[in-house]
Amino acid sequence: MSGLVCYCRQGFEPELAAELSARAAFVGIAGYARTQRNDGYVLFVCDEAAQLAAKLQWRELIFARQKLVVIAELKGIDPKDRITPILAALDGHQRFGDLWVEHPDSDAGKPLAGLARSFGNALRPALRKAGLLTDKPQLRQPRLHVCFLDGDHAVLAVADNADSAPWPLGIPRLKLLPEAPSRSALKLDEALLTLLTPEERDALVKPGMRAADLGAAPGGWTWVLTRQHVHVTSVDNGPLREHVLETGLVEHLRADGFHWKPAQPLDWMVCDMVEQPRRVAERMATWVREGWCRNTIFNLKLPMKKRWDETRLCLDLFEQQAEKSLIVRAKQLYHDREEITVLAMRE
């Protein structure tokens, strides 16, 4: 088959399928999505897979943790010899710079983790012997992915290192530090890692910058910013953890974060308030339109139904009401739940 395989959060396959279908149609490439709920991945079948992959940048896809171009789908693999059919499917292919053997992050896929680990150790030397894999990882070469969907069913796919998630399964392995005020700190950590390039992070998140955290309590997102030596005004009627205040970088204002506005423009505004997504999108747009912040990261809590439609509506609403020339990226992060995280920055 020809097409793309994209990983996603279990249960969000319909949203990813709808997104891929809409984006493919927008760039004029015909295709269809193949998936089932709770699979943890979507296969988008199309004849122009390489062209579609080039037009759908990984950072621009909202519900895709990873984006890969399919080489082959192998079914009915003999468990006693999985290597031979894989080598046959790759015959004549260019050399790869790395190998990742994976499985979907789903209830059905997680039991395949042991197989993925052990099979990777067996496949790697076989690929090198066949001249299909470099001796050491080479970022300039495409990366081979073998994704086991079952013990006898695998998808072979290729990733461009410059346009794919740099983590197996598309999941950054972040550790929740003991001093983190809440697990939500991982969301902002992941957002900064995923939505910004390394060059953008260096340029846009600098010591001495000023930020506001709306709905800050107990201080997870504020704490992440202080670790970057950013001065934070934390706005919430609720309390912050004492050690967050002790950094000397935090001013806690007991106020309604949804209505507060700064006295002077800030470098950043971040917001993880539990509110209706359209209301949040409109308020975030006001912050950008009025020049109260240069850049923002905020979360949109999605409804149980029609989540792709609501996502498009909220992002369109935000961009229309912001009335600024912006770079907008959105992702359903690994540490997100029924929500997406949005980055908006000045061009």
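The backbone N, Cα and C atoms fix where each Cβ goes, glycine too.
According to Swiss-Prot, the S-adenosyl-L-methionine binding site annotation covers S184, A217, P218, G219, G220, D236, D256, D272, on the basis of sequence analysis. Following the DSSP three-state reduction, the secondary structure of G219 (S-adenosyl-L-methionine binding site) is coil. Shown in sequence order, P181, S182, D213, S234, L240, R241, V244, V250 are the residues of the chain, 6+ apart in sequence, with a C-beta less than 8 angstroms from the C-beta of G219 (S-adenosyl-L-methionine binding site).
DSSP assigns K301 (active site, proton acceptor) to a strand segment in the three-state reduction. Taking Cβ-Cβ distances under 8 Å and a sequence gap of 6 or more within the same chain, the neighbours of K301 (active site, proton acceptor) are V274, E275, Q276, P277, V280, E338, E339. The active site, proton acceptor annotation in Swiss-Prot covers K301.
Residue with the densest Cβ environment among the binding-site residues P218, G220: G220, by other Cβ atoms within 10 Å.
Counted within 10 Å of its Cβ, the other Cβ atoms near D256 (S-adenosyl-L-methionine binding site) come to 13, all protein chains included. Around the Cβ of A217 (S-adenosyl-L-methionine binding site), the same chain contributes S234, D236, N237, G238, P239, L240, each under 8 angstroms and 6 or more positions distant in sequence. For S184 (S-adenosyl-L-methionine binding site), applying a Cβ distance below 8 Å and a minimum sequence separation of six or more within one chain yields G220, W221, D272.
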